Amino acid sequence: MNDYTQQLQGKKDYLKTLFAGLDVPEWEVYESPDKHYRMRAEFRIWHEGGEMFYAMFEKGQKASGASMIRCDRFEAASEAVNRLMPELIAAAAQSPELKKRWYAVEFLSTLSGEMLVTMIYHKRLDAEWMQAAQALQQQLDISVIGRSRGQKIVLKQDYVTETLKVGNRDFRYRQIEGSFTQPNAAVCQKMLEWACRTAEGLGSDLLELYCGNGNFTLPLSRYFRQVLATEISKTSVSAAQWNIEANRIGNIKIARLSAEEFTEAYTGKREFKRLKDGGIALTDYAFSTIFVDPPRAGIDEETLKLVSQFDNIIYISCNPETLRANLDTLAETHAVERAALFDQFPFTHHIESGVLLKKKIL
């Protein structure tokens, strides 16, 4: 058993133990490549003895020379990131403006190799820095953003455009710097395909909470008459709207509401001008299914009451502990029909999972 298989087996065993006592079918398992799977990576820039290099630090330890790990390569990151790393550091080392007080760097790449690089500084960025960064951008064929306290300088664009293949169709996604995107594109495609398979035959309308940039919304829209998706982040809503238009999808509407706010709107406790302004009338929808991909804290108690009202629940989770806690409640009204482990984060303790629940016939 190699290192990758061994760590994946550990995750399978953990899920079986955690969900013991719940009626859960055999876990479907979706593997990751064992290297070059992360589309995002971030490093400190370490300056020592006239040299400059990428660095990380031992987990749980204060950032210092004693805990520092030099990273000339990073196998977890995409091949595009690994190709760029030495070129970027070498080019920046030749420019006093780029090198001085350069503190950290963030890479955001795509499967096609498009690259956005955010250079973070402990100094004010001026016209000389911009001129040097423009030259760097042109030399390396990348997009550069400069950040410092109170400053964000976008030289060309602050996003990349990812293309993910789901079944027989390609979907284009604008991924904006600083906003959440799934880091493992290969596994993300498997997650999208799994979600679409679970949605087959459910029909009617779909409600999605926590939709982000529309990652799941776009491919799932093919299986429903109408889709209403909610998201609180303005940046993510903007990206989702662009993604809907770019993919020429006509049956999705986005509401900029938190899950808690939508619950209040759905139950009639509050009216929201944002819904009215968006031309959204909840009475126009006949929801058969709800899709949720909540943050690590899971679904709050009031939203869970809302979720339990739907016939079908597709639940993607980045925290199996809160998924288990939520399922303890949902199991009173629903049965788990499918369960999947997605190895989004190889060689870490993090586990991404998905379940399909259907309302019990009492």
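Every residue gets a Cβ built from N, Cα and C, even glycine.
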From candidates Asp126, Asp284, Asp293, Asp300, Swiss-Prot puts in the same S-adenosyl-L-methionine site as Gln182, Tyr210, Asn215, Glu231 the residue Asp293
Within the same chain, the residues at least 6 apart in sequence whose Cβ is under 8 angstroms from that of Asp293 (S-adenosyl-L-methionine binding site) are Leu209, Tyr210, Cys211, Gly212, Phe216, Tyr315, Ile316, Ser317, Cys318
Nearest-integer angstrom distance between the alpha carbons (Cα) of Glu352 (active site, proton acceptor) and Asn215 (S-adenosyl-L-methionine binding site) = 15
Among Glu231, Cys318, Glu352, the one of these recorded positions whose Cβ has the fewest neighbouring Cβ atoms within 10 Å = Cys318
Sparsest Cβ surroundings (other CB atoms within 10 Å) among the binding-site residues Gln182, Tyr210, Asn215 = Tyr210
